[in-house]
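Below is one structure, written out as structure tokens; the observations come after it.
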Amino acid sequence: MATRRRPAAAAAGAPPTQPPPADAAAAPGEPAKEPVLRPPNLGVAAAAAVLFLAPFSYLAFVHYPLDADLRGSILKCGAMSLGGFFIVLKLIPVAARYHLRRRMFGYDINKKGLPTGEIKVPEALGLVVGIVYLVTAIIFQQFHYAEDSIWLVEYNAALASVCFMILLGFVDDVLDIPWRVKLALPTIAALPLLMAYAGGTSIIIPKPLTPYVGLTVLELGLFYKLFMLLLAVFCTNSINIHAGINGLEVGQTVVISAAVLIHNVMRIGSSTDIETQQAHEFSIYLVLPFLATSLALLAFNWYPSIVFVGDTYTYFAGMALAVVGILGHFSETLLLFFLPQVLNFLCSVPQLFHFVPCPRHRLPRFDPQTGLLTGTKDGNLVNIFLRLFGKCSEKALCIRLLIFQALCCVFCFWLRYMLTGWYK
């Protein structure tokens, strides 16, 4: 992750005065001291939950006349997701202490020169969120899907891909594998999804292009599965590189997840096609626990971060969103929700492919005297925003980027509304 420096990187400029190791032995005759974490910022999690879940709840239970069984299933999934939220809140401090004992911690580079820059921040706490999410989603299927459900195979394949990605992400956090290998990890994790996918492999040609193509539907066959694979690779890595400041990784996934939920309920309410409704219902059941558990992590990762999420979370989040977009059959809309990540990737291409020099951490410069960040020449949105709008605090920068993420999602909804009936 770009926001921290591993203790092994001391030669590259670690703080000259470091606190004793988390697993250092206590003085003779004294009990070993457990590291104490600050309490989570529950106010941020509560505000985000109200802000992003209120529109979904209004659409699902007031605006659209959804089936009573569907509403009941959404309530059951929501109740289990709420349980997952509280379990994550409880488990993260426990897991953080274990990570500190095993020396899985880093220092916040954006606070270098301040006392907070010398605090050991436990890493890879996305592992807790991933495990709780998987358990919640697995238990939910017991209460919803029958053994002969046509969706059960794809549901389990989606969870298998997410589980695989969590494992590989944690391997990356432990081993710090090079970028050329990181690109292959989502390819491996997506295999269960690709092998189990039994949906259509055709696309609808946009109406303005049908006179030139001569077709209304184009069968892609294996090329469609190639597209699914590329989408999974993009989603996982795009969240991983759009990072570097406290709260950004989790915040962007919370915003996208809320947009996905709203899109799903809008499509269910406006469509009369049963298969379309079932696909978006399927997506809701996967996204609700993901959003709830991510909100709990946000309470710990918001500025100033108590824990780092690690590549475990960014890979897990990207794969979770990719599978709901693929199996929910709204991959085009998902890419529009990922517009900031697309822009960040395009701006990062020269450095990612080494056309120009690429530092290990493409972070802004921090001034410990003012506490403000200044943009560098690195080609990512974090630095571009600082160059465009001027220096600011880390918290303010994160809020600006999340507002931009939310505005892009609103733009997506507006664009879909304007193109309805004309584009497809």
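Cβ coordinates come from backbone N, Cα and C, glycine included.
What TrEMBL lists as region 'Disordered' is 1-32. Look at TrEMBL and you will find 42-62, 74-96, 124-140, 152-171, 183-205, 212-233, 282-303, 315-339, 397-419 tagged as transmembrane segment.
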The transmembrane segment (124-140) vs the transmembrane segment (282-303): 3 or more CB pairs under 8 Å: yes
Recorded stretch that, among 42-62, 183-205, 282-303, 315-339, has the most CB pairs under 8 Å to the transmembrane segment (152-171): 183-205
Winner by Cβ pairs under 8 Å against the transmembrane segment (212-233), considering only 42-62, 282-303, 315-339, 397-419: 315-339
For the transmembrane segment (282-303), distant same-chain residues with Cβ under 8 A (at least six beyond the ends): 37, 40-42, 44-45, 48-49, 52-53, 73-74, 77-78, 80-82, 84-86, 88-89, 92, 125-126, 128-129, 132-133, 136-137, 140, 144, 151, 154-155, 158, 245-247, 249-251, 253-254, 257-258, 260-261, 264-265, 309, 313, 317, 320-321, 323-325, 327-328, 330, 394-395, 398
The transmembrane segment (315-339) touching the transmembrane segment (183-205) per 3+ Cβ pairs under 8 Å rule: yes
